[in-house]
């Protein structure tokens with residue numbers, strides 16, 4: 001009888017302890033969101049939200065001050081789009097190769113190498129961009145700025161490539177072998193099996209990988225801070241210096257902006273925009289995953 | 001009698017593991033040949049050699065000859081080979097697409113003009129005795145069909161590329177008795193036009209549908225002949241033991 005009771009108390013204690021662990025991460029997240037919201041509200045008491053969201057000049061740190069966040073959003077989107085243009089085709093091609101073409105030995109070597117690529121600290125990518133990609137780029141486009149969006153896009157593209165290829169490959173390999181055999185038995189070539197049977201069946205996972213990767217590119221900080229420059233600008237020219245939301249936050253957090261000042265509070269408003277963007281993308285990715293799931 | 005398929009001293013290995021040992025047999029045109037034997041006896045390996053399906057497996061290799069209408073399969077492009085030697089699998093494996101697209105897939109990849117597809121889809125579904133059940137919902141997802149309907153869809157899909165030979169790898173093992181008898185009736189109908197090979201675990205099924213039966217054991221062909229003879233008067237002791245259920 002006693003032993004049973006002790007056992008029950010032990011089980012209960014374990015359960016509560018595990019629950020507390022889970023609670024800790026939820027509370028932390030909630031705390032971050034609350035700080036973002038409160039600081040943003042106090043920012044918007046001084047700067048009208050409409051001016052913030054529609055203004056095309058971002059100059060919070062010198063006079064006259066301007067708080068139009070669009071140049072930062074523009075910069076962030078340029079990096080995201082540029083990185084996607086690089087990572088999506090390469091990522092999907094390597095996923096098809098790894099999942100459908102490569103034999104076991106090749107896959108056992110290539111896949112871990114790709115995943116190591118994902119583990120390289122992003123600051124390393126940053127100086128890889130300035131010390132290698134930018135000089136190379138300037139060989140071909142001499143008028144390119146030392147800090148430019150193209151170089152940052154390329155390096156962020158390389159950074160998110162493993163995410164696209166690895167997640168897409170997982171989605172493709174989850175497609176049952178029986179479906180492939182069914183297609184081969186009808187005389188389909190490997191390419192037809194990959195593109196007409198496997199990829200459509202894995203579509204939801206593949207699309208979700210794109211969005212997660214783009215969301216990562218939007219949130220990427222270190223490499224773009226180093227390579228893209230610190231010039232918030234409404235431009236579509238990839239060879240100019242720009243600034244992303246994340247890079248701006250770094251600039252203010254690192255600089256000597258007085259705590260509590262309006263300049264300081266901008267980072268919470270910008271952080272809020274960033275958070276909403278990546279949050280929406282993650283939701284879209286989950287929604288796509290549900291909606292386009294081909295049941296096999 | 002013309003032989004549609006002939007193997008000469010066919011041996012096969014998965015890596016170092018030998019799965020077939022020197023199998024020589026010939027399968028007649030427009031007949032149903034049943035391949036029977038206990039699990040792991042090489043019967044699936046055997047039919048998967050006939051359309052080179054095993055080529056897809058790492059480390060698989062064969063020795064000996066396989067002749068399809070007197071042509072050595074090693075010298076036929078696998079795409080061409082699989083066009084003329086269709087296959088239906090153990091578990092129904094329709095593509096997660098519409099019923100129509102399942103049938104149209106084969107003709108499409110072989111470059112059939114799309115204005116002929118409607119006719120091919122109807123003809124194939126009719127031949128597979130599925131048309132009446134699905135003609136009003138060709139655009140529905142094939143995964144919504146019942147297991148038996150899915151298997152007939154897979155047969156229709158195989159028919160759509162106009163094969164000469166169709167291989168059935170335990171086609172009824174995942175089906176209920178009613179669906180099974182529909183597939184068996186269908187096979188008897190199909191043998192007028194096609195040469196059929198069926199791997200089966202089910203003795204009664206082999207006896208019901210096949211003209212010829214081959215018994216495999218430990219990767220070897222023990223005996224083959226007319227189904228009646230194999231079931232009534234097997235020459236080999238092990239065949240008799242297997243048929244009356246002493247093992248397997």
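Backbone N, Cα and C define each Cβ position, glycine as well.
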Among ranges A:12-38, A:39-65, whichever one TrEMBL labels transmembrane segment: A:12-38
Intrachain residues whose Cβ lies under 8 Å of the transmembrane segment (A:197-218), provided they are six or more past its termini: 76-77, 79-80, 83-84, 87-88, 91-92, 95-96, 99-100, 156-157, 159-160, 163-164, 166-168, 170-172, 174-175, 179-180, 182-183, 188, 274, 277-278, 281-282, 284-286, 288-294, 296
Stretch-level contact, the transmembrane segment (A:146-167) and the transmembrane segment (A:77-101), CB cutoff 8 A, at least 3 pairs: yes
Spatial neighbours of the transmembrane segment (A:267-288) far in sequence, C-beta under 8 Å, 6+ residues away: 33, 35-37, 39-40, 43-44, 47, 52, 69, 72-73, 76, 204, 207-208, 211-212, 214-215, 218-219, 245-246, 248-249, 252-253
